[in-house]
Every structure is written in C-alpha cells, then in structure tokens.
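Now, the feature entries from TrEMBL:
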type: DOMAIN; residues: 29-181; note: domain 'Class II Histidinyl-tRNA synthetase (HisRS)-like catalytic core'
type: BINDING; residues: E82, Y83, T84, R111, Q125, E129, R333, Y337, Y338; note: L-histidine binding site
type: DOMAIN; residues: 257-385; note: domain 'Class II Histidinyl-tRNA synthetase (HisRS)-like catalytic core'
Amino acid sequence: MLKKAQNQEGKLRVTAAAPSNRPATDRLTVLLAHFEQAGFPLHEPKLLQPAGVFLDRSGEDFRGHLYLTTDASGAELCLRPEYTIPVCLDYLASPEAGAAASFAYGGSIFRAPPHGEAGDGEFLQAGIESFGRDDREAADAEILGAALDAAKAAGAAGLSVRIGDAGLVGAFLDGLDLPPVWRRRVEVGHARGQGVADIFAPPKRNGSEQAGVLAALTKVDPADARRLVEDLLSIAGITAVGGRSAAEIAERFLDQATLAEGAGVSVEKRALAEAFFAIEGPPDIASAALRKLAEDAKLDLTAALDSFDTRASFIAARGLDLDDMVFSASFARHLDYYSGFVFEARASASSEPVVGGGRYDRLLKTLGAKSDIPAVGAAIWIDRLESAARAGDAA
C-alpha cells in the first residue's frame with residue numbers, strides 16, 4: 001500500500017518543510033482535509049527524487065531549476081520540483097499499480113529561481129491524482145470538480161475556468177493528414193501556445209547554400225534524397241554528429257526541407273487549421289462549432305466530440321455551470337505529457353493559474369508501466385490561492 005501522510009491520531013498533517021507562512025499552511029490543511037473527504041487519501045512522496053526522470057521529460061535546460069545532489073553511488077538526485085511524477089512512481093511501485101486508485105498530496109516543492117533572479121525556491125502545492133479508471137470522462141469531471149471545490153473551500157471562489165482537449169486536437173490532426181514533420185511542428189507549437197501563423201511560418205534559413213540544398217531535396221523522391229544526403233556525409237567522412245547517425249542527420253535535412261518549402265501543407269489545410277484553433281466559447285457552443293467544421297471539411301471527429309460532450313455532461317452533473325467555462329481549441333498546458341482533457345482556473349485574466357491539470361494517459365508507460373494507464377490529476381498552487389483569496393476578501 002502507498003503510505004498515508006497521517007499522524008498517530010489519524011489527522012492530516014503537512015509532512016514536508018513548509019515556508020513560514022501560517023495562513024498558507026492553514027489553507028493547505030483545508031485543501032487536504034477537503035480532498036480526503038472527497039475520497040482522495042493523502043500520500044507523501046519522498047523529498048529526494050531521481051533527477052534524470054525530470055530531465056528526460058523537460059530537457060537539460062530544466063537542470064538550472066533543480067536543487068541537485070548525488071548519493072554515495074554517484075546517482076544524481078534532486079529535491080522534488082513537482083508532485084505528479086513522484087506520485088506516479090510510487091503508484092507504479094505499489095500493489096495498486098494498474099488498478100483504480102486515487103491520491104491527494106500536499107507540501108513543499110522546490111524550483112530554483114531563474115539565473116540572476118532573487119527569490120525563495122520553496123513553494124507549497126497540493127493536488128490530486130486518479131489512476132486506472134476506464135470511465136475517463138467521469139474521472140475528468142471528478143478531478144476538475146474536486147479541485148475547484150477544494151480551492152473554493154480554501155477561500156478562492158469565482159475562479160475563471162478554461163478548458164482544452166489534447167485528444168480532440170490529435171483527432172483533428174489525424175484527419176488533416178499532415179506530413180509527420182509538420183504534425184510534430186503543430187503539436188509542439190500548440191503545446192507552447194504559439195499561434196497558427198507562427199507555427200506555419202517557414203523556418204529561418206542558415207545561408208543561401210543550405211537553402212539551395214534544402215530546395216533541391218524537395219524536388220526528388222524522399223528515399224533518393226535520403227540516400228543522397230547519406231552519400232554526401234560518407235564522402236565527407238562524417239559518420240555521426242552530436243550523437244546522431246548519418247541516417248538521422250539525413251532525416252533531419254529532409255525535415256528541414258519539408259518545413260522550408262511548406263511541402264504537404266496546402267492553403268486549404270492551413271485555413272482549416274486556422275478555423276479549428278480559433279474555436280472558443282462555452283463547451284456546448286464550441287461543440288456545435290466543432291461538429292459544423294468537421295462536417296464541412298469531411299473530417300471524422302465523431303468519437304472525440306462524443307467524448308467531449310459526455311465529459312461536459314458529467315461536469316454539469318457535478319453542479320458546475322458550463323456557461324461559466326471557456327473551451328478553447330488553441331489552449332494547451334505547457335507539458336508535453338498531456339493526452340486529453342486539460343484545464344486551468346485563474347482569479348483574473350492576467351494572473352497565473354491557481355488550479356491546473358489534465359489527463360496524461362501515456363505518462364506512466366514512460367515511467368515503467370508495461371502499457372498506458374488512464375491517469376488524470378490537478379495541482380493547486382498555494383501562494384496563488386492565497387493571493388486569490390486575499391483579492392476576493394478585498395473586493
């Protein structure tokens with residue numbers, strides 16, 4: 001069993017060192033009590049976590065945000081920078097792995113301020129995770145509702161909720177049938193919050209010589225172009241660059257050529273992408289607009305939109321007003337492991353999210369599971385919750 005963070009009397013407690021902010025700690029206690037009442041038992045992962053698991057997903061640039069150390073064997077460890085991955089690892093190491101299970105967490109996370117900036121690198125965070133449920137739409141609604149209810153109980157009422165759907169975006173891109181390199185570019189750009197114009201803008205070229213080579217590659221059969229690049233590298237005596245083989249370098253050249261020439265992206269496909277990502281509004285209105293677009297473009301989005309509507313029904317059944325939410329096809333959370341429903345809740349349009357989360361069915365397989373496991377979760381930033389509560393009290 002995963003260990004529960006409780007004291008001898010069975011009462012919830014904050015187990016990690018917390019910043020010396022009594023109001024924030026009190027709000028954390030309220031959140032954790034609310035989560036337990038909602039059926040999410042508290043679990044506290046270790047403070048020290050393997051650093052590689054975070055660097056593998058966020059890249060080496062993330063190293064500067066970690067508080068790092070090594071153990072006696074030389075293995076690199078870090079103070080946990082977030083909770084989701086540590087909770088996932090503990091779940092996979094437990095007897096519950098693969099079965100339906102839900103957990104809450106709360107305590108300190110640690111992220112170093114950007115280089116040259118002053119600031120405390122310790123933050124309080126609380127949240128919930130749900131694993132192994134096949135009724136995905138109901139689980140999505142439960143996580144959203146439980147997170148918003150807890151935030152309200154802790155003093156942050158009237159948050160503005162924005163939702164998106166990475167699964168729906170994936171279904172749309174399946175129908176759009178872009179070349180793989182363009183699909184990757186759209187997926188990455190969407191996750192980073194880029195607009196369609198920026199996503200489809202030709203990449204900058206590094207000199208006229210490279211531009212000429214790239215243009216020439218688009219005019220021959222891809223297999224012939226790949227062999228040509230590999231032959232040129234072989235003649236030059238180049239077998240690997242930066243860990244990439246000649247074949248991988250050739251593939252990269254072909255990808256650059258496809259992007260530079262806009263190959264595979266017709267005016268019609270770009271216009272369709274612009275129309276899709278521009279759809280925004282309350283879920284019911286957005287669903288109707290998406291179905292109309294799919295019908296006009298002869299795209300099969302039926303399964304994805306049926307799931308969308310089912311989720312909306314479960315959300316409404318929890319007493320949440322759909323008209324108070326905004327669905328945006330362009331909305332994505334800036335973590336590439338999200339695979340479905342995503343959401344954020346803010347106190348105002350200019351503030352940072354108080355609550356954020358979503359579905360990440362593919363993450364656990366990358367952490368060691370034998371297959372994908374349904375998973376969805378939400379996190380609440382206590383400092384932002386505190387600011388939202390104070391703003392509400394002052395209004």
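Using the three backbone atoms N, Cα and C, a Cβ is placed for every residue, glycine included.
Unlike curated entries, TrEMBL annotations are predicted automatically.
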Q) Could you give the number of helix, strand and coil residues in the domain 'Class II Histidinyl-tRNA synthetase (HisRS)-like catalytic core' (257-385) as assigned by DSSP? A) 58 helix, 24 strand, 47 coil
Q | Spatial neighbours of R333 (L-histidine binding site) that are distant in sequence (at least 6 apart) but have CB under 8 A | A | G164, A191, V342, E344, G356, G357, G358
Q: May I ask which residues of the same chain, at least 6 positions away in sequence, place their Cβ under 8 angstroms from the Cβ of Y338 (L-histidine binding site)?
A: A166, A191, A332, G358, R359, Y360
Q) According to DSSP, which kind of secondary structure is T84 (L-histidine binding site) found in, if we only use helix, strand and coil? A) helix
Q | Rounded mean pLDDT for the residues that make up the domain 'Class II Histidinyl-tRNA synthetase (HisRS)-like catalytic core' (257-385) | A | 92
Q. Including all protein chains shown, what's the count of other C-beta atoms within 10 A of the C-beta of E82 (L-histidine binding site)?
A. 18
Q: Specify the count of other C-beta atoms within 10 Å of the C-beta of T84 (L-histidine binding site).
A: 21
Q.
Through the lens of DSSP with three states only, how would you label Q125 (L-histidine binding site)?
A. strand
